[in-house]
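A.B. asks: Take this structure first; my questions come after.
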Amino acid sequence: GPLGQGIANAVGLALAEKHLAARFNKPDNEIIDHYTYVILGDGCQMEGIANEACSLAGHWGLGKLIAFYDDNHISIDGDTEIAFTESVDKRFEGLGWHVIWVKNGNTGYDEIRAAIKEAKAVKDKPTLIKVTTTIGYGSPNKANSYSVHGSALGAKEVDATRKNLGWPYEPFHVPEDVKGHWSRHVPQGAALEAEWNAKFSAYEKNYKEEAAELKSIITGELPAGWENALPTYTPESPADATRNLSQQNLNALVKVLPGLLGGSADLASSNMTLLKMFGDFQKDTPEERNVRFGVREHGMGAICNGIALHSPGLIPYCATFFVFTDYMRAAIRISALSQARVIYVMTHDSIGLGEDGPTHQPIEHLASFRAMPNVLMLRPADGNETAGAYKVAVLKRKTPSILALSRQKLPQLAGTSIEGVQKGGYIISDNSSGNNPDVILIGTGSELEIAVKAADELRKEGKAVRVVSLVSWELFDEQSDAYKESVFPSAVTARVSIEAGSTFGWGKIVGSKGKAIGIDRFGASAPAGRIYKEFGLTPEAVIAAAKELC
């Protein structure tokens, strides 16, 4: 995959091991006890994400993480002398790692075995084993050159390499001594698995409650009735920012989902992601469930991928401002590609964040994630929709979810529901009959309220108006044609959408005769109320657009 992602995933896997061991191991039964091994190369070491993740691994003291650094001094463009001359050893020592150097990585098998043994003896630090190798070892004409890095040797050089290494066998033939050497792991593995199963049986008898929780994490089976913990809201409930409503949901869910853990990239008090009944996951308190990632968005996303892929019942979430998904997009894409259920809690989702201005105001981000395969892009409008977004995010076992959440307060709207969110798009109000409104107004997130206000005014003038919340395009696309027709009848072409983001893609929803109100330029620094007026995101703008169409 993309360089640097693997080592960051490994940090997530090792975090998961340390966390589960701290929660479930007992003095008489160490039920969680495994190492995480990873191989990385010079290119991985150059990527910033590797340093982000390895900095955290050192800080957390992930003693069961062992990384083999293939130190061959060759990258695609040539010798690493042209761009990479730092002391990797000293950098990793500075990051809090134990560092071992194996000088003969080509044939020094005993040295490598000794290095692994030494690494395992260091309990309080991750270990980097620098293994100096020759790329293309054995190739008489291409060894130690960039020409062997990204290309096949070719038939002529393969033949020369076989002769050079004294390898007389036909292609794909595995000699009996090699087969015997590797096959010994099969009975060993079966014995180890049987031993662990017996250990777990004893654990279940002595620690019933912990065993049930651990089983849930290992199998991914959600506790019965977990969704009943989701809060619900009425129009009389106080207005609130969806980032605050998100925190209410997280703190409700952590009581019933044993695998939920996560944190923010140094913005927990702004993203509202702290789990109030838990402390911080740290080197000496790894049983806790608030993870402090620091300002390391890219590493954070990839570490969460590792956590999610460790056990089906681990549900990691991570948070920053929505605009800073730009710093972690590659990790989000790998979440989607790896089918890793990571919940991305992205707050400050529009120009509504106010005075921080255009550097912090997302414009193209909603459209870009709607374009990414196997990602759920959810933009809830109020409390019920936020709860619905979390329900979907937990249930979608093989899909990451992004929740775009507001900084500004929003009212609890009539007609929203958890069930509606599960359909992606649904009607929240309608005074038409026969599935034939004069106009359909469509909103997401903070702009759904604007669509509702515009509908109220249009109805006073005798118009039949339907208001649709399109909280997730991806979920709506999954619905039947009959359901889609019941929400957006093909005969009704008078459609107006409003969203505080790029209008790119909205033509698919409003059609060639509809109107999309949005923002196709960068934002500006101003209070939320004023900036919405300046950018034309108002009930008046929706009413004017609707009147042009019907």
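Backbone N, Cα and C atoms are what each Cβ position is placed from, and that goes for glycine too.
Automated prediction, rather than curation, is the source of TrEMBL annotations.
What TrEMBL lists as thiamine diphosphate binding site is Gly1, Pro2, Leu3, Gly43, Asn72, His149, Phe324. TrEMBL lists Asp42, Asn72, Ile74 with the feature Mg(2+) binding site. Look at TrEMBL and you will find His149, Arg243, Ser270, His348, Asp356, His360, Arg407 tagged as substrate binding site. Annotated site 'Important for catalytic activity' per TrEMBL: His149, in sequence order. The domain 'Transketolase-like pyrimidine-binding' feature in TrEMBL is assigned to 240-412. What TrEMBL lists as active site, proton donor is Glu297.
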A.B. asks: Measure from the Cα of Ser270 (substrate binding site) to the Cα of every one of the recorded positions Asp42, Ile74, Glu297, then give the nearest.
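C.D. replies: For Ser270 (substrate binding site), the spatially nearest of the recorded positions is Glu297.
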A.B. asks: Please find, for His149, Arg243, Ser270, His348, Asp356, His360, Arg407 as listed binding substrate, the greatest distance between any two Cα atoms, in Å.
C.D. replies: 48
A.B. asks: Cβ neighbours within 10 Å, counted over all protein chains: which one of the recorded positions Asp42, Glu297, Asp356 has the most?
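C.D. replies: Compared across Asp42, Glu297, Asp356, the most Cβ atoms within 10 Å surround Glu297.
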A.B. asks: Mean pLDDT for the domain 'Transketolase-like pyrimidine-binding' (240-412), rounded to an integer?
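C.D. replies: Summarising the domain 'Transketolase-like pyrimidine-binding' (240-412) by its mean pLDDT gives 98.
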A.B. asks: Rounded to the nearest angstrom, how far is the Cα of His149 (thiamine diphosphate binding site) from the Cα of Arg407 (substrate binding site)?
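C.D. replies: Answer for this pair: 48 Å between alpha carbons.
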A.B. asks: Return the member of Asp42, Ile74, Arg243, Glu297, His348 nearest to Gly1 (thiamine diphosphate binding site) in space, with distance defined Cα to Cα and candidates limited to these recorded positions.
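C.D. replies: Smallest Cα separation from Gly1 (thiamine diphosphate binding site) among Asp42, Ile74, Arg243, Glu297, His348: Asp42.
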A.B. asks: Taking Cα atoms as reference points, which of the recorded positions Pro2, His149, Glu297, Phe324, His360 is nearest to Ile74 (Mg(2+) binding site)?
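C.D. replies: Closest candidate to Ile74 (Mg(2+) binding site), judged by Cα separation, is His149.
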A.B. asks: What other residues of this chain sit with their CB within 8 A of the center of the CB atoms of Asp42, Asn72, Ile74, the recorded Mg(2+) site?
C.D. replies: Gly41, Asp70, Asp71, His73, Ser75, Thr80, Thr133, Ile135, His149
A.B. asks: Measure from the CA atom of Asp356 (substrate binding site) to the CA atom of Pro2 (thiamine diphosphate binding site) and give the result in Å, rounded to a whole number.
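C.D. replies: Taking the Cα atoms only, Pro2 (thiamine diphosphate binding site) lies 32 Å from Asp356 (substrate binding site).
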A.B. asks: Calculate the distance in Å between the alpha carbons (Cα) of Glu297 (active site, proton donor) and His149 (thiamine diphosphate binding site), and round it to a whole number.
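C.D. replies: So the alpha carbons of Glu297 (active site, proton donor) and His149 (thiamine diphosphate binding site) sit roughly 30 Å from each other.
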